[in-house]
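In what follows, a single structure is set out as structure tokens and then discussed.
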Amino acid sequence: MPSCNNSIPQPLIFILTGIPGLESSHGWFSTFFFLIFVITIIGNGTILNIIWIEKTLHEPMFLLLATLSVVDLCLVTVTVPRMLGIFWMNAKEISLEACLTQMFFIPSFYVMESGILLAMAFDRFAAIWYPLRYTTILDRNMLVKMALAILARAVAVVTPAPILTKRLERFQTQVISYSYCAYMAVVMIACGDISNHVVYGLMVIVASVGIDLLFVILSYTLILCAVFRIPSGQARRKALSTCGSHLCVIGLFYSPVVFSVLSQILGYHMAPYLQIIIDNLYFLVPPMVNPLIYAARTKQMRERVLRVLTCQRN
């Protein structure tokens, strides 16, 4: 294990190891990640195309879904190609500038996705609690303001990461035991006091994913209270079905984060390669599965997808 006794100045080139300890399985991981990438591009591209063409889908719920698809496409685009370069071509070297760029964009898109899921929870809350005022509450101006707020928060929360990293002067090694330039992975190989960096990392989680999850839970608690007060069983089931796809996406998105945080609180230390795999799943699985869930569980989207497939078959 490198130490600060033989520290080096801030390197101009870092070396990403991929998934350390499982180098012999990099070929299998590359196939898995490539399939995720292809499915994500096709699925989210189809969602965007259908929403763009079908004017009847130009309503708040589906416009937020289109925004989610755009962010998902951006997230896999800045993550997967670099990983495949490591696994397929052994392209492990990454410049400091490229590392800092990746360090900014990957968590930015992740924080944006969390914000969009919160906006979608508010959308369902408004639709069920205020059905007559729904389109007035979530008009185009409100959607634009929500999108700008989500973007501004992501930039504000994540921008300090590359700035703080740039100020690190001495490093134990130039090897980053990760598949991408994660902020804490770089900080952990730095020399000197890194307590401020650790605190900042925790604040990012709390100020973004933590707050979003809290308000999502609050929104759905209020939604369920309203739904179970509906006297008609059929109307109650219909109201719940409109939220079903979103609840699936929320569970898929937040469960790895909750699992990781709880494991650290309870003192369970995972093997480094397992932690890296789970961190990769944070960014890769939700963008792939989101369009599949919405296409399968949302009636309007399911009908449009089946219509597209039928036209192509004919």
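Using the three backbone atoms N, Cα and C, a Cβ is placed for every residue, glycine included.
Automated prediction, rather than curation, is the source of TrEMBL annotations.
Since we're looking at a predicted model, the values are computed, not measured.
The annotation transmembrane segment is assigned in TrEMBL to 32-52, 64-88, 100-122, 175-195, 201-227, 247-267, 273-294. If you look up TrEMBL, you'll see 43-294 marked as domain 'G-protein coupled receptors family 1 profile'.
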Q: Mind checking which residues of the chain, 6+ beyond the ends of the transmembrane segment (64-88), have their Cβ under 8 Å from one of its Cβ atoms?
A: 16, 18, 26-27, 29-30, 33-34, 36-37, 40-41, 44-45, 47-48, 51-52, 94, 102, 105-106, 109-110, 112-113, 116-117, 119-120, 123, 143, 147, 179-180, 280, 283-284, 286-288, 290-291, 294, 301
Q: Can you check how the pLDDT averages out over the domain 'G-protein coupled receptors family 1 profile' (43-294)?
A: 86
**Q.** Among 175-195, 201-227, 273-294, stretch most in contact with the transmembrane segment (32-52) (C-beta, under 8 angstroms)
**A.** 273-294
Q. Where else in the chain does the transmembrane segment (175-195) make close Cβ contacts, counting only residues six or more beyond its ends and a cut-off under 8 Å?
A. 2, 4, 7, 14-20, 79, 82-83, 86, 94, 98-100, 102-103, 106-107, 161, 165, 168-169, 201, 272, 276, 279-280
